[in-house]
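Below is the structure I would like to discuss, written out as structure tokens.
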Amino acid sequence: MSREHGGRVDPSDGGGADQTTIMRAMQQQFERMNVVFNEIRDRLDRHEDRLEQLQQEPLPRHRRPDQQPHFAPNVPDDDYDDGASNEVISNATWRRARAIRPERPRHVQRQYREREAIDSNMGLQVEMYVPNHEEHEEDLHVPAELIMKTEVKQVQHAVQALTSRHQDTVSTVAFSFDGQLLATGSFDGHVHIWDTSSGSLKFTLEGSGEGFEWLKWHPRGHLLIAGSEDANVWMWNADKGVCLNTFSGHGSTVTCGDFTPDGKIICTGSDDASLRIWNPKTGECFHVVKGHPYHTDGLTCLSITSDSTIAITGAKDGSVHLVNITIGRVISSLSSHTASVECIGLKPNALWATTGGMDLKLIIWDLQSSSVRCTCDHEEGVTSLTWLGTSQYVASGCVDGKVRIWDSLSGGCVRTFSGHADTIQSLAISADGNSLVSVSDDGTARVFSISEFK
């Protein structure tokens, strides 16, 4: 599944920043409305099931008022197995749990589980329920970037986009630079383009039939690219619903990719351990970066510097490399991780990068010297990260379900947020910089106050 994290270079400027602010503000309201819709639906389903059960039971005879039956809460299905731990999670009632795809091509098998929403507390922590695709009983993975929206009408439209039409797991979502269009990609091999103002489905885009891993919009246009399990990258004109090009050359699933911030080049990474650099107009592959001294295993994440000159990639082999996009060569390597690198973040307005890996480390790098500034040790693997704006602080999300705030100058942990019961998969910062949103495999999203770190 695509993991679109914080730390990406923001290509918008000027008026684009206002559009981004509106778009992100919309997302929070969307998720809260989703909580209400799904909680009501689930409660009604439970009541209907119980009423049907009561109708089939014989009526009790001579029951005193103080002997009314006690109905036990829902319990997990007998066949539930999370494949990792038998630990009992308190205060969480699991209704059902299923892996998204048994043969998912990712190096980490992720299980997305659905649990009941708890009462929202609009204070330090707000827990929100990430809905389940009811018709096909497939869980939705909702990146943290999608948890921030405004206006009820648009919220309802966004709910419709995420809970209908697709026939399999919704793996990736993305808003266009101006917020006018929403794209949803799925393992069913389709991409839907939605008009955010009306909520109508504009187009259904198709590839080869294989699932899509990630989506990215052009920084200043309605061009959309998507990485597929068929080893291709597809590009469409979202205004006309037509395929403009197919970028072929990778030998395995295309796991990450993006336009450069200037929109002139596309960079894509694959499970075949290669980075390819493309001309969006012609489909020509300028460069293929593969073999020594590059990665020896599949790429997992990619980030591009704001000047569109350098792509930083991480891989399963624990390596991080800096590639000059113009010449297609490795210009530096960041060597310190000993296990899969799961996320990369670039500090705004500074030549610093942060990488997180399954070796329990978050490493902050000085890109000018390719040296380690500090290492932040964790109790479990680091799966996501984001810088807190232009401040000295960076947030990490981990396998242990905790979100930590780190001081990049000292390398010390200054705050730990708890509450999630499973791996953190995505982090994002609200437009005003006061809130941090985390999305977890436990089926919930949480909002934490971070105003003190601005």
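One-based numbering along the chain as shown.
The backbone N, Cα and C atoms fix where each Cβ goes, and this holds for glycine too.
Where the annotation comes from TrEMBL, it is an automatic prediction and has not been curated.
Just so it is clear, the model here is predicted, and its values are computed rather than measured.
Pasting the feature list from TrEMBL:
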REGION    55-85  region 'Disordered'
REPEAT    163-204  repeat 'WD'
REPEAT    205-246  repeat 'WD'
REPEAT    247-288  repeat 'WD'
REPEAT    334-375  repeat 'WD'
REPEAT    375-416  repeat 'WD'
REPEAT    417-454  repeat 'WD'
Helix, strand, coil residue numbers for the repeat 'WD' (247-288) per DSSP?
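Output for the repeat 'WD' (247-288) reads 0 helix, 20 strand, 22 coil.
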Tally the residues of the repeat 'WD' (163-204) by DSSP class, grouping H, G and I as helix, E and B as strand, and everything else as coil.
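Per DSSP, the residues of the repeat 'WD' (163-204) fall into 1 helix, 22 strand, 19 coil.
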Go through the chain and flag residues at least 6 beyond the ends of the repeat 'WD' (247-288) whose CB is under 8 A from any CB in it; none is fine as an answer.
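Hits for the repeat 'WD' (247-288): 2, 8-9, 11, 105-106, 213-214, 216-221, 223, 225, 227-229, 231-235, 294-304, 306-308, 311, 313, 315, 323, 325, 327-329.
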How many helix, strand and coil residues does the repeat 'WD' (334-375) contain under DSSP?
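Taking each residue of the repeat 'WD' (334-375) in turn, the totals are 0 helix, 24 strand, 18 coil.
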Are there residues at least 6 beyond the ends of the repeat 'WD' (375-416) whose Cβ is under 8 Å from a Cβ of it, and what are they?
3, 5-7, 336, 339, 342-350, 352, 354, 356-364, 422-429, 433, 436, 438, 440, 442, 446, 448, 450, 453-454
